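Q: Quick paste of what Swiss-Prot says about this protein:
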- 307: active site, 4-aspartylphosphate intermediate (ACT_SITE)
- 344, 348, 377, 378, 379, 380, 381, 382, 383, 384, 395: ATP binding site (BINDING)
- 518, 522: Mg(2+) binding site (BINDING)
- 34-54: transmembrane segment (TRANSMEM)
- 58-78: transmembrane segment (TRANSMEM)
- 219-239: transmembrane segment (TRANSMEM)
- 254-274: transmembrane segment (TRANSMEM)
- 588-608: transmembrane segment (TRANSMEM)
- 616-636: transmembrane segment (TRANSMEM)
- 662-682: transmembrane segment (TRANSMEM)
């Protein structure tokens, strides 16, 4: 569930952005953007020239120079406004997070148990390693791990999701976030961070942009823009002696106007806004990125590692069939499977009980009256079951049951081996049931592949992105599900070490890898991946290892993260193409206006039929400023994203933004020229 989206132009944000745009007119603020600093310097110079002309210190048209100066200042202001508006949207999102932070007191325990003596201390004084007791109705005062107890927790202030979640000691659901509220019961929490380092603090800092640094692609593009600016600066500087030698020197005002129109001011003015807006869009998807670098890396990803359960399949495997061993009837198998599952609260365990009831009317037994000993599932044993009336019933993975049978002096039947293989080939997960050393048969657990997922993978394949399914299932089951889902490859019987090795293998081939994870055992792979989306419901170790956190804890979100990253890169590339293509029309407007008096042959370049040299220069400068305002919505929302191959995407952008960058200025400059003529300003 995503939090409330801000309108693109909220009135409150517009007013604040206008104020911030004026504040950014200082030289120190402008120096951060070399392209716009040149425009700022040109604005200052033409302002001084206007004042000198008004006071009669130098000759020239004060009106013409003044209008040029005014629109150069507008160009700087519009660029500042774009950046301030993007930052304002992020700050508004940060302010909503700040509302979660409350000054509160915490019960700091003197020993790590719920009945230990407690001291009431301000939450801000809690340090890493402190133990606190939190009861129903309390705000959790710090990020940490639950070491005792279990409780229902309202995380809506962080995630936007109204449904409460369970947090309890042990397992992958022990991580809690400061600022969330306990609805019932109590928790003993070990604080895992110091003041100012909480997840909420980091979220606020990231969203506000306090930690925003330019990404590698942004730096590379900035260097390109600086290089183009230097080239045009040198070219413009040589035009004055060139025109003076011809007997009619071009004025400094015209040269400044020419320089500003030729340098890539459009992308220069919007570049910062695009980066800030990319992180803001990521937050709109309920994903917190640690930096713009992470968002950018998401756009460059070409390998996705996707967990099968919850991402590719619905994640609620259901018992679909009982397949007895030779000499065993199906009812006997169903009865044993149901007994072994009575204390199994997993969806799979409950589905086995229900299937036995539906098939053979085997009613669920009263657990208390059985006087049985239940054997829980563990990662080591990989099986669970029940000991009742001298009967020892177990269900589990094929390998685990085989070891169990052989250790009890039995043998694993060949017909059951064949049944296991048949179930796996159909994409189901086989569980084997055994009583003592006698194998009774196989339970087929069927997981459903999500609707539409195959089409999404086909779109990713068009974009050159390889999809790899990660699963703990055996190779046959994994191969069947992979074929049904349409992924490019799979890793079966996955372990943390195998995932880490796979990521390193792809990276050694020069690929960028993205993955999701929520457990402590995922932390090494998350730390190695280029884009690592940790689930908010996961452990502290997983969240610290990732460079993004999904507040919705939805593994499928990884695909959306890649889309947002690619959209940011496409927006930057498209507007750069548009900005550079713009120069052609401005060239046809200003060059004839500036030099036709010296070289009449250049009038042939006035293909737009502009009214006069002054109107041509004014029209180009005004268009140069206004186009920034018109492109702000595109910079903030991002260009329309379509899953295409790199070559198809390049062709599309060249047609839309390259050709558009050529045509739009011709039309815009001509329209402005006509208006200036009608107003008598030409």
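Placed from the backbone N, Cα and C atoms, the Cβ positions cover glycine too.
In the displayed structure, how are the listed features positioned relative to their neighbours?
A: For residue 307 (active site, 4-aspartylphosphate intermediate), the count of additional Cβ atoms within 10 Å of its Cβ stands at 23 [all protein chains shown].
According to DSSP, residue 395 (ATP binding site) is assigned to a strand segment. The Cβ of residue 395 (ATP binding site) lies under 8 Å from the Cβ of 337, 340, 341, 352, 383, 384, 385, 401, 431, 432, 433, 434, 443, each on the same chain and at least six residues away in sequence.
The Cβ of residue 518 (Mg(2+) binding site) has 25 other Cβ atoms within 10 Å, all protein chains considered.
Counting same-chain residues at least six beyond the ends of the transmembrane segment (34-54), those with a Cβ under 8 angstroms from any Cβ of the stretch are 25, 27, 60-62, 65-66, 68-69, 72-73, 75-76, 79, 222, 225-226, 229, 233, 252-253, 256, 259-260, 263-265, 268-269.
Counting residues 6+ beyond its ends, the transmembrane segment (58-78) has Cβ neighbours under 8 Å at 21-22, 25, 30, 36, 39-40, 42-43, 46-47, 49-50, 52, 251, 253, 256-257, 260, 265, 269, 614, 617-618, 621-622, 624-626, 628-629, 632, 681 in the same chain.
Residues 34-35, 38, 250, 255, 258-259, 262-264, 267-268, 271, 572, 576, 580, 594-595 of the same chain lie 6 or more positions beyond the ends of the transmembrane segment (219-239) yet place their CB under 8 Å from a CB of it.
Beyond the ends of the transmembrane segment (254-274), by six or more residues, the same chain brings 33-36, 38-39, 42, 45-46, 68, 72, 75, 78-79, 82-83, 85-86, 218, 221-222, 225, 228-229, 232-233, 235-237, 239-240, 568, 571-572, 575-576, 578-580, 582-583, 586-587, 589-591, 593-594, 617, 620-621, 624, 627-628, 631-632, 635-636 to within a C-beta distance below 8 angstroms of the stretch.
Counting only same-chain residues 6+ beyond the ends of the transmembrane segment (616-636), those with a CB under 8 A from a CB of the stretch are 8, 64, 67-68, 71-72, 74-75, 78-79, 81-82, 85-86, 89, 254, 257-258, 260-261, 265-266, 269-270, 273-274, 277, 280, 571, 575, 578, 582, 586, 589-590, 592-594, 606, 608, 610, 664-665, 668-670, 672-673, 676, 681-682.
If you look at the transmembrane segment (662-682), the same-chain residues 6 or more away from its ends with a CB under 8 A from one of its CBs are 67, 581-582, 584-586, 588-589, 608-612, 614-616, 618-620, 622-623, 626-627.
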Q: Helix, strand or coil at residue 377 (ATP binding site), per DSSP?
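A: Reduced to three states, the DSSP call for residue 377 (ATP binding site) is coil.
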Q: Given the binding-site residues 344, 377, 381, 518, which one's Cα is the least distant from that of residue 307 (active site, 4-aspartylphosphate intermediate)?
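A: Sorting the binding-site residues by distance from residue 307 (active site, 4-aspartylphosphate intermediate), the top entry is 518.
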Q: Would you identify the secondary structure of residue 344 (ATP binding site) according to DSSP, in three states?
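A: Once the DSSP labels are grouped into three classes, residue 344 (ATP binding site) ends up as coil.
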Q: Can you give me the same-chain residues 6 or more apart in sequence from residue 522 (Mg(2+) binding site) with a CB-CB distance under 8 Å?
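A: Non-local contacts for residue 522 (Mg(2+) binding site): 496, 499, 534, 538, 542, 545.
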Q: State the three-class DSSP label for residue 307 (active site, 4-aspartylphosphate intermediate), counting H, G and I as helix, E and B as strand, and everything else as coil.
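A: Strand, per DSSP.
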Q: Under 8 Å Cβ to Cβ from residue 381 (ATP binding site), same chain, six or more residues apart: give me those in sequence order, or none if nothing qualifies.
A: 375, 396, 400
Q: Name the secondary structure element type, per DSSP in three states, that contains residue 383 (ATP binding site).
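A: Note: residue 383 (ATP binding site) is in a strand by DSSP.
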Q: Under 8 Å Cβ to Cβ from residue 344 (ATP binding site), same chain, six or more residues apart: give me those in sequence order, or none if nothing qualifies.
A: 350, 352, 377, 384
